[in-house]
């Protein structure tokens, strides 16, 4: 009996050590992913915001992409709070207000991004099937009104999660977490988030792109295969990034009834959250950088930045020389325009211009 008791105790201690090692490994992975998203997210989405608002003429697509980038920019900018929180061993130093605000920004990004992607899909579908109607009715102004509605709806959907999030003191730590995560209220929130934050928008996106594919096949366009590749990449990215997150959220609320799920949830939850957060970095690539017009404007913007930097490095003398050369070329151009063709293919100068020398 004593032998078996000692053996069981040793097994429990070994499992605790393994559990602790896994926790540390998951924390490191989360920190790395969050740091990458924190660097790339604001940078990529900030560039998208600049190009869509300043370099591209306003149209329906630019309105969608601008708001999508704003949602991702806002979320990835708040990732610094998550990074500090994990680095401190899940000890929240920012108080209750920022705890709730951080949760609201996360949920706001999730709902706004998915609602916007559904709107983009519907707009593309309508533009494919009812071209004239979509051209006349789907104006940039109406797209902006729809985006305002999407932001308001996303804010309303985020409020329950914000209210339920609070500061909890546990094991000498101040944690920013949901109060009583195994209650029926929290379970209802998980179902609500899955339905409105994933399933329904995903069905809209799938239905829209199936309709686009059918229309493209009927018209037998030469770009059918290219469009199909873009559609598949968009849908797969959305599915791969968000589906695991919602699956592990359901497993998390089932963990209390099935303790065998605890190791799976413990490993999968942070990984799925990291994958979902990376979606905010992929959006500029998948939804904007594929646009030919955006690529053209982006190249122009980058070239302009390098040209300005080059001019500053060479000082004002370079600028003055360039302006003098431009002025000299302008005088040559004006004098060339005054030349008149003569007989036999010769050119004759008129008036006082015969004494001028270039």
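Every residue, even glycine, has its Cβ placed from backbone N, Cα and C.
TrEMBL does not curate its annotations; it predicts them automatically.
The model shown is predicted, which means the values in this text are computed figures rather than measured ones.
If you look up TrEMBL, you'll see 28-51 (among others) marked as transmembrane segment. Listed by sequence, the residues of this chain that lie at least six past the ends of the transmembrane segment (28-51) yet keep a Cβ under 8 A from its Cβ atoms are 65-66, 69-70, 72-73, 75-77, 79-80, 82-83, 86-87, 270-271, 273-275, 277-278, 280-281, 283-285, 288, 294, 297-298, 301.
Annotation source TrEMBL lists domain 'G-protein coupled receptors family 1 profile' at 44-287.
Sequence annotations record features per position, and here TrEMBL assigns transmembrane segment to 63-87 (among others). Counting only same-chain residues 6+ beyond the ends of the transmembrane segment (63-87), those with a CB under 8 A from a CB of the stretch are 27, 30-31, 34-35, 37-38, 40-42, 45-46, 48-49, 52-53, 93-94, 98, 102, 105-106, 108-109, 112-113, 116-117, 119-120, 123, 140, 143-144, 147, 150-151, 176, 277, 280-281, 283-284, 287-288, 291, 294.
As annotated by TrEMBL, transmembrane segment applies to 107-133 (among others).
For 145-164 (among others), the entry in TrEMBL reads transmembrane segment.
What TrEMBL records for 190-216 (among others) is transmembrane segment.
The transmembrane segment feature in TrEMBL is assigned to 228-251 (among others).
Here TrEMBL flags 271-290 (among others) as transmembrane segment.
According to TrEMBL, the region 'Disordered' annotation covers 336-358.
With a threshold of 8 Å between CB atoms, the same-chain residues lying at least 6 positions outside the transmembrane segment (145-164) that come near it are 63-64, 67, 100-101, 103-104, 107-108, 111-112, 115-116, 119, 178-179, 185-186, 189, 192-193, 196-197. Away from its own ends, the transmembrane segment (190-216) comes close to residues 107, 110-111, 114-115, 117-118, 121-122, 124-125, 128-129, 157, 160-161, 223-224, 227-228, 231, 234-235, 238-239, 242-243, 246, 249-250, 252-253 of its chain (Cβ-Cβ under 8 Å, at least six residues beyond either end).
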